[in-house]
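Engineer: Before anything else, here's the structure in question.
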Amino acid sequence: MSQFDPAFLRGLTRPRLARSSAGGPARRDVLRLMGAAGAGLALSACGVKGQGGKEKVSQSDVEKYWAGKAKNGRLNWANWPGYMQDDRETIKAFEKETGVKVTYKEVIQEMGPWFGKIQAPLAAGQSIGFDLMVMTNGIQLEQCRQLGYLAPLDLSKLPNFQANAGPSFKNPSYDPGNAFTVPYESGVTGIAYNTKYVKEEITSIAQLFDPKYKGKVGMMGDSQELGNFGMFLLGIDPEKSTKADWEKAAAKLREQRDKGIVRKYYSQDYVDAVSKGDVWMTMAWSGDVYSLTSPDVKFVVPREGGTIWTDNLCVPKTAENPVDALTLMDWLFVPENNAPLTEFINYMPPIPATQKLIARKAEQAGGADKKDLTRLSTSPLIFPSQADLARLRHYRRLTQAEETEYQKIFEPISKGS
Amino acid sequence: MAGVRGRLAPYLMILPGGLWLAAFFLVPIVLMVSLSLQTGNLIDGFQQTLHWRNYTDGLSTYGDKFVRSLWYGLVATVACIVIAYPAAYWIAFRGGRAKSTYLFLLLLPYFVSFILRTVSWKLVLTDNGPILGPLRDHGVLPEGFHVLDTGVAVVSGLAYNFLPFMVLPIYVALERIDPRVVEAAYDLYASRAQAFLRVILPLSLPGVFAGVIMTFVPVSSDYVNAEVLGGPQNTMIGNVIQTEYFNNSAYPTASALSFALMAILLVGIFAYARTLGTQDVLEAAGR
C-alpha cells in the first residue's frame, strides 16, 4: 500500500506546461537574458585610450608637480634583493641624519613583472604603496616615462647629485637631462665561467656559441640582454642597431639554442647554476659574480663589448611622500653616504669619489678588511677605466613601434620558438 | 498574493548566484574575448579592430607550446592516478582509525608555498647535488647526465604539485563505498582481483573523473614548474601567456592565447566526459 497520495505521484511525472507559459519567463529565459546582457558588454568593450607622449617635461611641469608638497618624515622604498646591507646600515644612517622613517622592501625581482604590478594603479592615478623605486633602464622604464608614471625631478633640490655624479652617469641616453631618474648603481652584463670546469681563458662571446660547451651554457632570458649579446657577437653596436640587425642577431641566437648549446635561459638564478656547475659558462651581471658566486667563478667583459645597465632611483607619480624620496636620492650622492653601500653591493657607484674613500679606508684597515677593501677599490668591475667604459653599450632606446618589433623578434627565442 | 510570491521565489533564488556568475565569470570572459581581438599597446592605447590575426599569429608562433602543455598535462595526470589511487585505496581500506592522520601527512607538504616547493626540487636535483652528484662520481651515471632543465623534471614537478587534487576525490569516492557491498562480492565467490575490478573500481570512478578534471586543467595551464625546472625546450603555453601579460604588456596576444587555451581545454573536457560517460558513471555509483 502506497504511503503517498496517488495525485501527488501523478504530479511528479507530468510537466506543468500550462503553468509555465502562464506564469512568466521560465528559468532558462532568465539565464538567456543574462547572456544577452553579457553580449551587450562586448560591444561597449572597445579598447583603452592611449596614454603616451608624457616623456617630455618642461620646467612648469616640474613646478606644478612639486607645488605645495612638503616633507612628511616617511618613506616607502621598493628595491631589488641584495641591494642594501643586511643590517640596513645605510638606511639607518639616513634616518638618523634626516629624521625620515624609511620602510624598505625587496619586492623587485625583474622589470617585466614589476611593471606589470605597478601599471594598473599608476594608470588609475592611485598609490602603489611606495614613494621610491629602483628601475633598470630599458623597455619598462621607457614605458613609465612615456606614460607619465614618474614624477619629474626638480634637479635644483638635488645639489649633491649635480656636484658629485660622474660624467658618465649624468644625462644618460635613456633619460635625457635626468628628467625622471638618478642612478643608484650600475653593472655590466658579461660572461661568468666556472674555472673548475672551463680550463681555458674566456674572453669572447663567441665562446658562448662554441659547440664544445654544448649543454653547459646559460644565456639570459631577458630579450634586451639576449639581443645585445647577439649583436655584440656580430660586431653590431646595439645602440645604433636596426631591425635588420636584430633579425641577424636573432638568427644567430636561435642557431645556438637549436644546436643544444644553451641549457637554459636565466634571470638571476644563473648565480646558483654557474656556482654549482649546472652550467659552466653564462651571461652574468658583474656585481653578482663579484659577491654572490663561488670563488671558482670568474667574470669577464667580452672583447666584443658588454652591456652597461643602470638601476635608477625614481619616484612614482602617485607617491605619498615624494619630497622625502628626493631627500634620500640626494643624500645618497654624498660620497661618504654612498661608500658603505658600494662596499656591500659591489656594483658600479655613480660617484667616482667613492673610490678614493674606499682606498683610504683600505689603507687604514687591517687583516681581512684591508684585503677586501683593496680588492674592491682596485677592481675594474666596480671602478672601470675609461677604456673599459668605452667598450660598454646601453640597451637601445626603442619607440613603441620598434619595441613591438623587437619583442616579436627576440622574446620567442628563450621560449623555444 | 500567496500565489504571486510563490511564483517569484525560484527567480529570486537564482538571482544571487546568477549575479555572481555574471559579475565574476561572464564579464571577465567577455572583456577578455574583446581584448583578444584588439590591436595597440599601452602607449598608444588599444582599439577594437576585430583583429583575428592575434589568434593566427599566436598559434603559428607558439602552437607547439599548446601541444606540449596538453602532453605534459596528460602524462602528469596519468602519473597522478598511478600514484594517488593506491595511496587513497590504502588509506580508505587499511587506514583504520588513523585515516585522518595519514591524509594529513599526505597533505602536509602542500601547506608550504607552491613556488617554494617547486624551487626545493631544484635544490634536490641539481647536477652536483645530494642525489645526482654521488651517483655520477661513482660512475653509475654518465658525465653530462642531468635531470634539471628536462621534460622529466617538469612533468615530475607538475605531478608532485597537483597530487592532492587527485588523491582527495578518489579517497572520498572510495570512502563512500559500503564495505558490505565488497563483502557480498566475496560471498558470491569473487576473487580479490574480481571484487576490485567489478565492484570497487566502478564505484570509485566518479572520484577518478573529478580528480582528472581538477588535475589536468591546472597542470596544462601551469607556468611555474616549466619556468623553475625546465629548459627552453620545455616551455609551456602558460609561460608564454605570463610573459606576454607581465613582461610585454601585449594584452591582445596574451588574451588570444588564454582564450585559445580555454577553448581547447573545454573541448577536451567535453570529449572526455562524453567518452567516459559521466552519467553512466554516476548511475553506476548510485546503483
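All positions are counted from 1 along the displayed chain.
Quick reminder: no glycine exception, Cβ is built from N, Cα and C everywhere.
Below are the features I grabbed from TrEMBL:
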- B:12-37: transmembrane segment (TRANSMEM)
- B:66-272: domain 'ABC transmembrane type-1' (DOMAIN)
- B:70-91: transmembrane segment (TRANSMEM)
- B:103-124: transmembrane segment (TRANSMEM)
- B:151-174: transmembrane segment (TRANSMEM)
- B:195-217: transmembrane segment (TRANSMEM)
- B:254-273: transmembrane segment (TRANSMEM)
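Looking at the shown structure, can you explain where the listed features end up?
Structural biologist: Beyond its flanks by at least six residues, the transmembrane segment (B:12-37) meets 46, 48-52, 54-55, 251-252, 255-256, 258-259 of its own chain at Cβ-Cβ distances under 8 Å.
Long-range Cβ contacts of the transmembrane segment (B:70-91) within its own chain (Cβ-Cβ under 8 Å, at least 6 residues beyond either end) map to 99, 102-103, 106, 151, 154-156, 158-159, 162-163, 165-167, 170-171, 174, 200, 207-208, 211-212, 215-217, 219-220, 226, 236, 264, 268.
Sequence-distant contacts of the transmembrane segment (B:103-124), counting only residues of its own chain at least 6 positions beyond either end whose CB sits under 8 Å from a CB of the stretch, comprise 87, 91, 130-131, 148, 153, 156-157, 160-161, 164, 167, 171, 224-225, 228-229.
For the transmembrane segment (B:151-174), same-chain residues at least 6 beyond its ends with a Cβ under 8 Å from one of its own Cβ atoms are 72-73, 75-77, 79-81, 83-85, 87-89, 91-93, 103, 106-107, 110, 114, 117-118, 121, 125, 200, 203-208, 210-212, 214-215, 218-219, 222, 224-226, 228-230, 233-234, 236, 285.
Beyond the transmembrane segment (B:254-273), the same-chain residues lying 6 or more positions past its ends with a Cβ under 8 Å from any Cβ of the stretch are 32-33, 35-37, 54-55, 58-59, 62, 66, 69-70, 209, 212-213, 216-217, 220-221, 237, 240-241, 244-245.
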